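Pulled from TrEMBL:
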type: DOMAIN; residues: 6-92; note: domain 'Motility protein A N-terminal'
type: TRANSMEM; residues: 35-56; note: transmembrane segment
type: DOMAIN; residues: 100-220; note: domain 'MotA/TolQ/ExbB proton channel'
Amino acid sequence: MNIFLLIGLLIGFGGVIYGYVGDEGVLSALIRPTAASIVFGGTFGFLLMSFPLSYLKQIPKALKMIFFRKKKNYGQVIDLLYNLANVARRDGILAMEAEAEKVSDPFIKKGLLYVADGVEPEFLKEVLENEIEAKSNEYEHAAKCLEGAGGVAPAMGVLGTVMGMVGILRDMGGDTAELGHKISTAFIATMYGVGSANLLWLPLGGHVKNCAREDAEYMELIVTGLLSILEGEYPARMRDNLIAVIGGLDDKGRRPSSRSEEKSA
């Protein structure tokens, strides 16, 4: 569970609600089904018209990925590749077929089976990088949909407000208190649009892109290690190279940059 993402969402929405209620606002006044229908209905309609269904189907998968993603332990995967390199030097690359059965990561397992087959390094790199690109594209498509929703939601909010103001101007001349109530209700649509864009759609879209980028870098590291094993590189040299590629490791086996990334999530 990505606890920092949940905390961010709770703080964002909680801060807005607290600011309103703390200034003697009535929470029930913010609940307007008609405004929600205009903003969220218009936003979802925009998504259906703007993106193919294959893009939209990636959204649930991407959201599951960012909310329930596991932390990447770079030290652990580097140690695994180092141990595999030692086995390959001692027993030959054919031993990688048996080692692949012990590995739970399907990406590493697939690469090890290719290594055991003795394929050309260029072929191994191309196949694995194509898989990385395909996975990155899936999340990129989901991010585009979420960011698209973030771009159109404020406009839908303004549209809802304008529609409300049209009705108000048509009925002007009545009770002043009632008129004020109708005006405040009309602006709820703008709040829904701006709030959902900046507290939901855009942050989620950005988080999907950041997580997809981290996953791609992690998989690229694995590709580098597998190529080193295939080419018979000295294990210790391979390990030092992998650590240098990610800028070092902390005492928990993580990249130094990953700690700041988690805090900013």
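Every residue, even glycine, has its Cβ placed from backbone N, Cα and C.
On the 0 to 100 pLDDT scale, the model's mean across the domain 'Motility protein A N-terminal' (6-92) is 92. Under DSSP, the residues of the domain 'MotA/TolQ/ExbB proton channel' (100-220) split into helix, strand and coil as follows: 108 helix, 0 strand, 13 coil.
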